[in-house]
Amino acid sequence: MKKTTVINSEISSVIAGMGHMDWLGIGDAGMPVPLGTKKIDLALTKNLPSFIDVLKNVLTELEVQKIYLADEIKTKNPEQLQAIKQLMPNVEIEFVPHSELKKDLAKTHAFIRTGEMTAFSNIILESGVVF
């Protein structure tokens, strides 16, 4: 049995296959996923699992150099923005319109759907290197 924190086989496989500057998306239950994008659906019920819990778990195994967030999170969900910043205080943030973030999911290795039910709880993680 795997000893590390991420025990979901699909998530673990995606992370293991990522290289420098590859993208992984994590988001709320309502985020539309483009056709052809691998979707790992973890949603069980309203807010379970939460966006932040899934993000924390992924960050235990993925080196992140940059994140992409919707501009709208600044005014529509500032609490979530603050929680993200606390998890990654030294990671560059690029804000883009929500409509662009949705389109950019087509460039991700996968999108992890959570049960989160708060607006604009979506992120694209850009992988870094560990050396």
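Numbers run from 1 along the shown chain.
Keep in mind that glycine also has a Cβ here, set from the backbone N, Cα and C atoms.
Features of the protein shown, as given by Swiss-Prot:
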- His20: active site, proton donor (ACT_SITE)
- Asp28, His98, Phe120, Ser121, Asn122: substrate binding site (BINDING)
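Note on Phe120 (substrate binding site): other Cβ atoms within 10 Å of its Cβ, all shown chains, come to 23. Surrounding the centroid of the Cβ atoms of Asp28, His98, Phe120, Ser121, Asn122, where the record places substrate, the chain contributes additional residues within 8 Å, namely Gly27, Gly30, Met31, Ala70, Glu72, Ile73, Asn77, Gln80, Leu101, Glu116, Thr118, Ala119, Ile123. His20 (active site, proton donor) is 26 Å away from Phe120 (substrate binding site) when you measure Cα to Cα. Annotation note: His98 (substrate binding site) sits in a helical segment as assigned by DSSP. Listed in sequence order, Ser127, Gly128, Val129 are the same-chain residues six or more apart from His20 (active site, proton donor) with CB atoms under 8 A from its CB. For the binding-site residues shown (Asp28, Ser121, Asn122), fewest C-beta neighbours within 10 angstroms: Asp28.
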